[in-house]
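Annotation source Swiss-Prot lists Zn(2+) binding site at HIS16, HIS19, HIS34, ASP76, citing experimental evidence. Under the heading [3Fe-4S] cluster binding site, Swiss-Prot lists CYS45, ILE46, CYS51, CYS93, citing experimental evidence as support. According to Swiss-Prot, the feature [4Fe-4S] cluster binding site maps to CYS55, CYS83, CYS86, CYS89, an assignment based on experimental evidence. Sequence annotations record features per position, and here Swiss-Prot assigns domain '4Fe-4S ferredoxin-type 1' to 37-65. Taken from Swiss-Prot, the feature domain '4Fe-4S ferredoxin-type 2' applies to 74-103. Taken from Swiss-Prot, the feature N6-methyllysine applies to LYS29, LYS101, supported by experimental evidence. Annotation comment: Swiss-Prot describes 1-36 as region 'N-terminal extension'.
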Amino acid sequence: GIDPNYRTSRQVVGEHQGHKVYGPVDPPKVLGIHGTIVGVDFDLCIADGSCITACPVNVFQWYDTPGHPASEKKADPINEQACIFCMACVNVCPVAAIDVKPP
């Protein structure tokens, strides 16, 4: 699953749709972790959509990632500021790719 310490153990390598991206990244095979409040490990995400369905405040939006070995799209936490910390996304993710931490 996602490294719960990624916010301190990984380097911020960029920004995407208003949230930080934690490396390493080497597209299209290695995409890193997107988000700080709601972190999604793009390298673990298999795009089953359970987090998108479970989230009551629409934190996630599909983002196309052609060529990635795990899936061709990812649940991108573009509205992480809206998170109400219900942990629904964390609880339903089949590959434990999400970590939520209040700011």
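Using N, Cα and C of the backbone, Cβ positions are placed for all residues, glycine too.
Annotated features, which come from Swiss-Prot, shown on the structure.
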residue: HIS16; record: Zn(2+) binding site; Cβ within 10 Å: 16
residue: HIS19; record: Zn(2+) binding site; Cβ within 10 Å: 19
residue: LYS29; record: N6-methyllysine; Cβ within 10 Å: 11
residue: HIS34; record: Zn(2+) binding site; Cβ within 10 Å: 26
residue: CYS45; record: [3Fe-4S] cluster binding site; Cβ within 10 Å: 26
residue: ILE46; record: [3Fe-4S] cluster binding site; Cβ within 10 Å: 15
residue: ASP76; record: Zn(2+) binding site; Cβ within 10 Å: 24
residue: CYS83; record: [4Fe-4S] cluster binding site; Cβ within 10 Å: 20
residue: CYS89; record: [4Fe-4S] cluster binding site; Cβ within 10 Å: 25
residue: CYS93; record: [3Fe-4S] cluster binding site; Cβ within 10 Å: 23
Contact set, same chain, for the domain '4Fe-4S ferredoxin-type 1' (37-65): CB under 8 Å, 6 or more residues outside the stretch: 1-3, 6-7, 17, 22, 28, 30-31, 71-84, 86, 88-89, 91-103
The one of CYS51, CYS55, CYS86 whose CB sees the fewest other CB atoms within 10 Å, among these binding-site residues: CYS86
CYS51 ([3Fe-4S] cluster binding site) and HIS34 (Zn(2+) binding site), distance between Cα atoms, whole Å: 14
Residues that sit under 8 angstroms from LYS101 (N6-methyllysine) by C-beta distance, when 6+ apart in the chain: ARG7, THR36, ILE37, GLY39
Minimum Cα separation from CYS45 ([3Fe-4S] cluster binding site), reported as the residue among recorded positions HIS16, LYS29, ASP76, CYS89 that achieves it: ASP76
DSSP three-state assignment (helix, strand or coil) for CYS51 ([3Fe-4S] cluster binding site): helix
Secondary structure composition of the region 'N-terminal extension' (1-36) [DSSP: H/G/I, E/B, coil]: 4 helix, 13 strand, 19 coil
